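Novice: Dropping the structure in here first, questions after.
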Amino acid sequence: MKINAVFEGGGVKGIALAGAVQAAENRGLTFHQVAGTSSGAIIASLVAAGYSAEELKAVIEATPFSAFLQRSKIFDAKIIGPLVRLFVKKGLYSGEALEFWIYNLLRAKGIRTFGDLRPSQLRIVASDISRRRLLVLPDDIAEYGIDPLQFTIAKAVRMSTSIPYFFDPVVIRKSADKRLPTDKFADQFVYIVDGGLLSNFPLWLFDRDEVPALDKLIPTIGFQLVGRGTGEPNTIFGPITMLRALFSTMMDAHDERYIEDVNRFRTVKIPTLGVSITDFNISKEKSEKLFESGVQAADHFFNKWKLTDYKSGYMKHVVRQKKPIV
């Protein structure tokens, strides 16, 4: 059976999403369209490229996530270095290592750009903080004079995972035909960061303005990361720790936001076991437990899930949205 899947963002907590993919595969479900934000974008892109759940697990086991925390040695001074880097680059770490990592994983499957996939197979969410708007990639990248089909998936993933102040924003320059005569030099550049800033769980992405007949409907299942983190207060003793607390609070707040009853019928809630979004030094044992948490949560959901119930729930959603059935 085909399903569409939307994966919520959550930094390192996204390991649990791979476990949920395994539970879905074990039940014979295949992914038709996939979308995600932040770490959800990583999982979505790898699934779209053809990675199986077992391959995802192997990737997780082989990846030292702390390697993503790269910055030039010039910024390595214990206190001054990070502050200077934050001022100059607008982030504590570059994000280039993560982009290179996902680029190589996709290339191993013969995938580089969105044009290498089926149309609308993959959607990635990012935030344009220059123009204060949500981006759904690859389609919205055309507004900057870039061909969506030639846009690299790894760059889109880096945009979506650029946690504010933690990783550098991705800066792109608008093409000449997209610039206004009144634009100053600085106006030619836009800053793009983590999609979780505006929509960390874009469950609506595959909802259509016109709903197909129910016998042709492909269900959309959302995989949401839930939990209040460690439950311990953030200790703040300087500007760097304050920034860490700021983006940690900003991103973790999404986990506890209210999900309308009308969408509960299509949402898998995955406990994240107190793991922080920026726990890039996560232990192997904790990583394995996160993965298993995803498996168990998805199993629990699919044990009770029926297509007839989905259709009933979706019809209520349609009525609420007042969308026509065609």
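Cβ coordinates are placed from backbone N, Cα and C, and glycine is handled just like the others.
TrEMBL lists these features:
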DOMAIN    5-207  domain 'PNPLA'
MOTIF     9-14  motif 'GXGXXG'
MOTIF     36-40  motif 'GXSXG'
ACT_SITE  Ser38  active site, nucleophile
ACT_SITE  Asp194  active site, proton acceptor
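Any idea what these are sitting next to in the structure?
Specialist: Through the fold, the motif 'GXGXXG' (9-14) approaches residues 36-43, 65, 160-161, 163, 194-196, 200-201, 225, 227, 251, 254-255, 272, 275-280, 282, 290 of its own chain, all at least 6 residues removed from its boundaries and within a Cβ separation under 8 Å.
Using a Cβ-Cβ cut-off under 8 Å and counting only residues 6 or more beyond its ends in the same chain, the motif 'GXSXG' (36-40) has close neighbours at 6-15, 17, 124-125, 160-161, 163, 194-196, 199-202, 223, 251.
Following the DSSP three-state reduction, the secondary structure of Ser38 (active site, nucleophile) is coil.
In the three-state DSSP classification, Asp194 (active site, proton acceptor) falls within a strand.
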Novice: What does the structure give for the C-alpha distance between Ser38 (active site, nucleophile) and Asp194 (active site, proton acceptor)? Integer Å is fine.
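Specialist: That comes out at 6 Å between the alpha carbons.
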